[in-house]
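Q: My questions all concern the structure below.
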Amino acid sequence: MVALDVLGITDSDAPVYRQKQEADTLVLGTIHPFRKAHRSVLGKLAQEFRLVTSDRRSWKILLFGVLNVVCTGCLLMWCSSTNSMALTAYTYLTIFDLFSLITCLLSLWVTMKKPSQIYSFGFQRFEVLAVFSSTVLVQLGSLFILKESVERFVEQPEVHTGRLLVGTFVALFFNLLTLLSVKNKPFVFVSEAASTSWLQEHVADLSRSLCGLIPALSSFLLPRMNPFVLINLAGAFALGITYMLIEINNYNAMDTASAVAIALMTFGTMYPMSVYSGKVLLQTTPSHVIGQLDKLLREVSTLDGVLEVRNEHFWTIGFGSLAGSVHVRIRRDADEQMVLAHVWNRLSALVSALTVHVFKDEWSRASLSSGVLPSAPLSLSEYVTAAAVFPAAPSRAQGSEPTPATSTPAKPSSPPPEFSFHTPGRHVQPVVFQTAHPHRPLYGGLQGPGVRLGLGPRGPTLQAYRTLSAAPHTYTSGTYTGPPRP
């Protein structure tokens, strides 16, 4: 699309070049004959890939990724030649290593990116999504192995052991080399934070029993073992037993049994990690952090000037990073910046992305009476007598008229105070009851000396209201028309 320029000639014959933009605005600037083309998705991916490869740490990850693809291709060909389902299940662990390398590369990209307007908390959730996707895909592969193994139990084919043992050692060597050479922070954190799998628990029980006989092995066996290393060793052990039984007794069904065992161990190892990463994606609060957060919130509520801590919400935005928002209500005379600094100092040690809303107390309590109110309501005749004896309340200037909620004068232009109830009667005309007694409006002040009517000591003039239930007479605002007063 060509952008047109409008040439305007002023009175001084000075040319002014203006470029018409998309928003229909004319601005001064350089003429661009063609609009800048938008990049495609592949172009954006290529740009981000060049950004990652600019760091030398990614070269090692890319090298292991290429070796993984070559090794996985060789293992899949050997699985086809040997017709071994157990070796196929073990090859899926190599494919999982490829997913872990991609996750590691994505983690490096996240550290290089800065938060944007769309992703204000950063791109850490991409790591969580990568871990969740990898573990779920491996579990789906395990279910596929279980389905194929059930079909093989009906009709067991012959298994060739020519490259079975070679493929086992090649896969074990490459898997351990990848796990121990490349530091994968997301999977390391998940393996430590997630709950232990049933395979880890059984191995821990065997390790305790063995360490009771040989105490020297306690430093090696008693600590919590890496679940990825454990599943690789257990799978290689199952393949070794399968090779021996097929070679010695030609027991081909052992291959299917080993495939089922490897699939179950893989599913049991990946399931706790997928659950943990799924909870992070759901923005939940980790269970091991709830107690610490409660303790910190109690400390914040005891700070000087803090009246209330409410609407607290904390969630995980990534592995090891916690975000939160809290509302703090403080006194009117408290220093907002000082309270904010103290709250931030207490919570920032645990919550990396913290939002604190500090607002001052705006509650105002209406004081409608300065004396002691009567225990029983007054009758209508008592109101009439009081209105006849005492004169009306002296009028105040408009600028100094008290409000129902506060005792301070309010300006004519100021709005009514917050939480003040718009009680009727302040600007109402005097009300006359159609009875034989003299009447005065209900808002008359009690200023007469010596008479209190059960309202306590005489106080300043203010509005006093009582509720009249089922009054026998109607009342209007006008001239008295009843019988003559006595």
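Just so it is clear, glycine is given a Cβ too, placed from its N, Cα and C backbone atoms.
Pulled from Swiss-Prot, these are the listed features:
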COMPBIAS  394-411  compositional bias 'Low complexity'
REGION    394-425  region 'Disordered'
TOPO_DOM  1-60  topological domain 'Cytoplasmic'
TOPO_DOM  82-91  topological domain 'Extracellular'
TOPO_DOM  113-125  topological domain 'Cytoplasmic'
TOPO_DOM  147-161  topological domain 'Extracellular'
TOPO_DOM  183-227  topological domain 'Cytoplasmic'
TOPO_DOM  249-255  topological domain 'Extracellular'
TOPO_DOM  277-486  topological domain 'Cytoplasmic'
TRANSMEM  61-81  transmembrane segment
TRANSMEM  92-112  transmembrane segment
TRANSMEM  126-146  transmembrane segment
TRANSMEM  162-182  transmembrane segment
TRANSMEM  228-248  transmembrane segment
TRANSMEM  256-276  transmembrane segment
Q: Determine which recorded stretch among 61-81, 126-146, 162-182, 228-248 has the most C-beta pairs below 8 angstroms with the transmembrane segment (92-112).
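A: Maximum Cβ contact count belongs to 126-146.
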Q: Pairs 6 or more apart in sequence, C-beta under 8 angstroms, 3 or more of them: is that satisfied by the transmembrane segment (61-81) and the transmembrane segment (256-276)?
A: no
Q: Averaged across the topological domain 'Extracellular' (249-255), what pLDDT does the model get? Just tell me the whole number, please.
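A: Overall, the topological domain 'Extracellular' (249-255) comes to a mean pLDDT of 88.
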Q: Near the transmembrane segment (256-276), which same-chain residues lie under 8 Å Cβ to Cβ, leaving out any that are not at least 6 residues past its ends?
A: 85-86, 88-90, 92-93, 131-132, 135-136, 138-139, 141-143, 145-146, 148-149, 152-153, 156, 187, 190-191, 193-200, 227-228, 230-231, 234-235, 238-239, 241-242
Q: Please report, as numbers and ranges, the same-chain residues at least 6 past the borders of the topological domain 'Extracellular' (147-161) whose CB is under 8 Å from any CB of it.
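A: Contacts of the topological domain 'Extracellular' (147-161) (Cβ under 8 Å, skipping residues fewer than 6 from its ends): 81-85, 243, 246-247, 252-253, 255-256, 259-260, 263.
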Q: Helix, strand, coil: count each for the residues of the topological domain 'Cytoplasmic' (113-125), based on DSSP.
A: 2 helix, 0 strand, 11 coil
